[in-house]
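Report on one structure; see the data block that follows.
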Amino acid sequence: SAQLRQNFYANSCSNVEAIVRGEVAKKFSQTFVTVPATLRLFFHDCFVQGCDASVMIASTGSNKAEKDHPDNLSLAGDGFDTVIKAKAAVDAVPSCRNKVSCADILALATRDVIAMSGGPSYAVELGRLDGLSSTAASVNGKLPHPTFNLNQLNSLFAANGLSQTDMIALSAAHTLGFSHCDKFSNRIYNFSRQNAVDPTLNKDYATQLQQMCPRNVDPRIAINMDPNTPRTFDNVYFQNLQKGQGLFTSDQVLFTDTRSRPTVDAWASNSQAFNQAFITAMSKLGRVGVKTGRNGNIRRNCAAFN
């Protein structure tokens, strides 16, 4: 296992955290999309070959990289841009140059965007190396889909050493950001033979979604994941599930399935308990598939292998 530790760069680049936070704050002041984009980039990175910034590699003529897999095409460019700018700022400091991995910068930037949008701050373990391979094929079956049920979610997270509690906590990242109509249109137009609209959807919310996403809508139209506080990292996500306002099947199932409902109910009424569980889950997520020794290196350019 990797030797991750909180003050990994104490001797090589002691103010790396301040440098990264400064760049993230700049980016955050330009566009709020920085927040969900960076958080989602971290998750999509860690679930495919571990937290090694392999999702940032650009495809070449001879290699179709992770980011060009259909499951990653909706990753917003602002997440990539945040890491690239932070990496440039770190490398501009002579003592830090080529000392800090893109994977660690992504982990730090993710913590920072969560804190900047009202979520908890936490210490980030560091010491990851950047991965040496990135292929679109490696993404197959590794990322959760909006249609997943609880068993599918649990087994995918368990494959990464994460419990059902961790999974429910990490799902609350959907308290931020947006989705596109095509990702949930089945729930509002052709759910099943018996029900055109998914019966677990709040009726008023379903009507609202139909108005925002008419049948032949431009697929690029964006809908907030959290209809109530879309720009705040909070436990309102769980309160929404109690009201039938989970946008994806994979969100609402956390409340409709009796195995996960008690956790949703507990966190809907206790933001401190949720924040603590989220920090625990993020720390565990950050340890997934970490590269050390010869299995990785420190990229000079996050989008290309050295």
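Using the three backbone atoms N, Cα and C, a Cβ is placed for every residue, glycine included.
Computed from a predicted structure; not experimentally measured.
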Problem set entry | Disulphide partner cysteine [TrEMBL] for Cys13, chosen from Cys46, Cys51, Cys96 | Cys96
For this session: State the disulphide partner of Cys102 as given in TrEMBL, choosing from Cys213, Cys302.
Result: Cys302
Problem set entry | Recorded disulfide counterpart of Cys181 (TrEMBL; options Cys51, Cys213) | Cys213
For this session: Based on Cα distances to Cys181 (disulfide bond), point out the closest of the recorded positions Cys13, Arg40, His44, Cys51, Cys96.
Result: Arg40
Seminar exercise, completed: Counting other C-beta atoms within 10 angstroms, the emptiest spot among the recorded positions Arg40, His174 is Arg40
For this session: Looking only at C-alpha atoms, tell me how far Cys96 (disulfide bond) is from Cys102 (disulfide bond), rounded to the nearest Å.
Result: 13
Problem set entry | Nearest recorded site to Cys302 (disulfide bond) by CA-CA distance, among recorded positions His44, Cys51, His174, Cys213 | Cys51
Exercise. What subset of the recorded positions Cys13, His174, Cys213 lies within 10 angstroms of Cys51 (disulfide bond) at the C-alpha level?
Worked result: none
Exercise. Expressed to the nearest Å, what is the distance separating Cys13 (disulfide bond) and Cys102 (disulfide bond) at their Cα atoms?
Worked result: 14
